[in-house]
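Annotated in TrEMBL:
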ACT_SITE  His414  active site
ACT_SITE  Asp453  active site
ACT_SITE  Glu462  active site
COMPBIAS  653-682  compositional bias 'Pro residues'
COMPBIAS  968-990  compositional bias 'Polar residues'
DOMAIN    497-648  domain 'CBM3'
DOMAIN    882-990  domain 'CBM2'
REGION    641-682  region 'Disordered'
REGION    967-990  region 'Disordered'
SIGNAL    1-37  signal peptide
Amino acid sequence: MPSTSAHRARRRSLWARTAAVALVVSGTVLPLQGAQAAPAYNYAEALQKSMFFYQAQRSGDLPANYPVSWRGDSGLDDGKDVGKDLTGGWYDAGDHVKFGLPMAFTATMLAWGALESPDGYAAAGQTDELRDNLRAVNDYFVKAHTAPNELYVQVGKGDDDHKWWGPAEVMTMARPAYKITAACPGSDAAAETAAAMASASLVFQGSDPSYAATLLTHAKQLYSFADTYRGKYSDCVTDAQSFYKSWSGYQDELVWGAYWLYKATGDATYLAKAEAEYDKLSNENQTTTKSYKWTVAWDDKSYAAYALLAMETGKQKYVDDANRWLDYWTVGVNGAKVTYSPGGMAVLDSWGALRYAANTSFVALVYSDWLTDSTRKARYHDFGVRQINYALGDNPRKSSYVVGFGANPPKNPHHRTAHGSWLDSLKDPAETRHVLYGALVGGPGSANDAYTDDRGDYVANEVATDYNAGFTSALAYLTAQYGGTPLASFPRPETPDQDEFFVEAKLNQPAGGTFTEVKAVVRNRSAFPARSLTNASIRYWFTLDAGVDASAVTVSTNYSECGTTPSKVVHAGGSLYYAELSCAGQNIHPGGQSQHRREIQFRVAGTTGWDATNDPSFAGLPASGDPVRTKGITLHEGSTLLWGTVPGGTTPTPTPTPTPTPTPTPTPTPTPTPTPTPSPSPTMHPIIASPQDVRLVAAGDELRLTWTAPTIGAAVTGYQTQLDDEPLQSTRNTWYNRLDLAPGEHTIRVRSQAAEGTSAWVERTVSIPADGEWPTTVPVPANFEAKGGSHGFSFTWETPTGGPEVVAFETIMTWSGSTGSPTISRDTAHAIMGYDFPRGDYTVSVRSVAADNSVSPWVTGTATITEGGIPGITPPPTPPPTTPPAASCAVTYTANSWNSGFTASIRLTNTGATAVTWKLAFDLAAGQKVQQGWSATWAQSGTTVTATGAAWNATLAPGGTIDLGFNGSHTGQNPDPTSFTLNGATCTAG
């Protein structure tokens, strides 16, 4: 193994643009001689697995015999919305958006690491894998650079992508493409992509000079585009702002891109450009000192530029800036120092803390090789080794933070495709189905060394391509310095953990008569890789007994989730036949509760002498209860057998019977005398689907279960809910609220109601903390501001950053003891207007709603109603309404009840022709009391309850509707009110 001085010499040789030849070495493992010390960890294995992680992130058309056995083609329509081929590249994290800025940063860091430590990759047997990963991402950049001044920088809409939890291979959401142009520039994204392609050209210079030249041509054009048309890409591609907003601007990328073009071309004008732009990099607040209290990451490459220009030029100002930055990460600067955990982890930020430490470590290791200051050389080198070793297992938990590596590694990264859910569920199945080898998780979010392997924790267990960027390059460096041994026969293909495709079935009617009637359910739980069934069919195999006329056998359906299901009877040879029912044209995919399954209820009918008991597909079918998995009914995708056993053990070439395909016959009418006619046809009921997208939200003192109506099956008329063992409650709402649950674990269930019966239950479990405080990582809305006026008020805020993705906001208002109904909106502004608002203070609140329906704490402010009014808000020209002596109205009342309490929801509709100032009245039963209400001023005298419109909603226009409600208590019985009046006139209740 080369000494430190030899390592420096190797670097000088590399920057003379000859080290790229080292990457021509094949994937053969090179022996390491004279290593300084035995490695603390098997760095070569960690590097090998980190390369696997990038293979697992690949999008597009994957080559045959792909090393990640559970990945398949995906995103094959990317770019079609703009008439371009934008397939390929890397998915960003555990989602499926392709964000160009962090992708390009990652590619640059990997190329830099390859140039610094080519012998590390060779020693780990990963040279070919490195080049393959870099080629895959740079091929995508070539596609995305569609004109000299045009670059596509994002594919996929963040919010839409994050709403769905499933594997990449079967995603169905629209994936719009976003670009930057001269008219809408993005200097940061363009210059970063230029850096990625320029640095990659150095890697490929020896093995594929033609490809290297292509990359360099694009890099030059992109840098010119970035420099000529200045702007932040996220100001143009606004969808990126909630995910990868360009906080630091583009100045750092102008330096970074120019530097890498200088290294790739040898053109000194690029170095001069890098130095000129360097002087414009950000400074610490109110100083002339370059920023040093952050680090190199996807948004800001300034810190790496300090080290690169110091090593390139030797100029003291660059050396000082690099030293100051790395001192902040090690010994501190003027009393300020990055936070350290007791176990030695450098914690810059809660989100992806290990990522920041690893990025800094890589630069520190490389920079330490160049330094002649022996104190700093040892300091920075030891820091880099220490931080990487912490991630590999040298920590108080004695556990690895790299999936599939070391002791007690994470098993549940926040990664959709690796999880392999078929139900659009982060929690189902409980076990992650694939090993996402090599992925570095975010790790402890605080300086306490604490970590829980929780898939739902998108801070500690997030993984992303940029998380592994500096980490991978540091591993290559450490492999080159200390050695290691890659695993033989890695990776091995994974074996499916369960049946990926299967059929469940049961009898709709007991055997007998002249027909067999079956309910069959096709299920797709594929994940090895996940794939869609678009030409599926099932075959019910039967034999004809003596005396049964084959031409009289028919197959019919009375309920099918495959649409108008084509069906036919096919002669398979001898006395063997099958009824084939097709789901062709359906997309049966592991993407949700409804999406992964299709149900068909069918009847195979014959004549006198029909005997189902000896049919191959009949065996084992229950006559009652739930359908069971059966291999007697086979499942096919086109001509390929996916599930089941064909009688005789082979798949015969079917020969259709010579008679025309039969059509279903009318249901025969039974007669009181024995005849050979078929038995009466049983009634076949449509499926009753369960509620969809069932989510449990818990924050502060509030617990809420929400769901959406099913989109298939019988018409749903309402829902039933049940908490633990409490009585069932019915509701027409798609939510359930509780405020008084005792500490401990509770189970909440919901199911659909229809005229035909009820669906299966959907359950969620929650554990109520003893102190009533719910942990939440959702950030509160930023820069919240409330403004009042003479006719209403408005409030504004900004989408927060630095936490889980925020997809919506909930707002609420309180005035004079009356609380309004919560309002959900994606907007970052809300205004309420009306007539003659009373002067005074109104309390307005807003909180963030994350993609998984969890919420932040409330942010509360005050809006004062004044004479001045809100600028731009004026009342309509029509006069204020008057209150007529009577009104036409309709009321719906639904209640969710529990042991001694209930929540009542009321919808009041003005069915008359004039606006009214409303007051609703009704009587509760004895023992029922209103405790707290909203959207009205509530009062109760005896059993009579009144709800008077608040100042902000007192006027109810013709045809208008108001939702109000209250929390109440009861003494055992909780009947609904039977009569309602509006301003003394009786309403229609329903």
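Heads up, the Cβ atoms here are built off N, Cα and C, so glycines get one too.
Proximity of Glu462 (active site) to non-local residues of its own chain (separation of 6 or more, Cβ distance below 8 Å) is seen for Ala93, Gly94, Trp351, Gly352, Pro413, His414, Val441, Gly442, given in sequence order. Helix, strand and coil content of the compositional bias 'Polar residues' (968-990), in residues and according to DSSP, is 0 helix, 9 strand, 14 coil.
Asp453 (active site) falls within neither a helix nor a strand when secondary structure is assigned with DSSP, and so counts as coil. Annotation for Asp453 (active site): spatial neighbours Pro410, Lys411, Asn412, Asn461, criterion Cβ-Cβ under 8 Å with sequence separation of six or more.
In the structure as shown, the Cβ atom of His414 (active site) sits within 10 Å of 26 other Cβ atoms.
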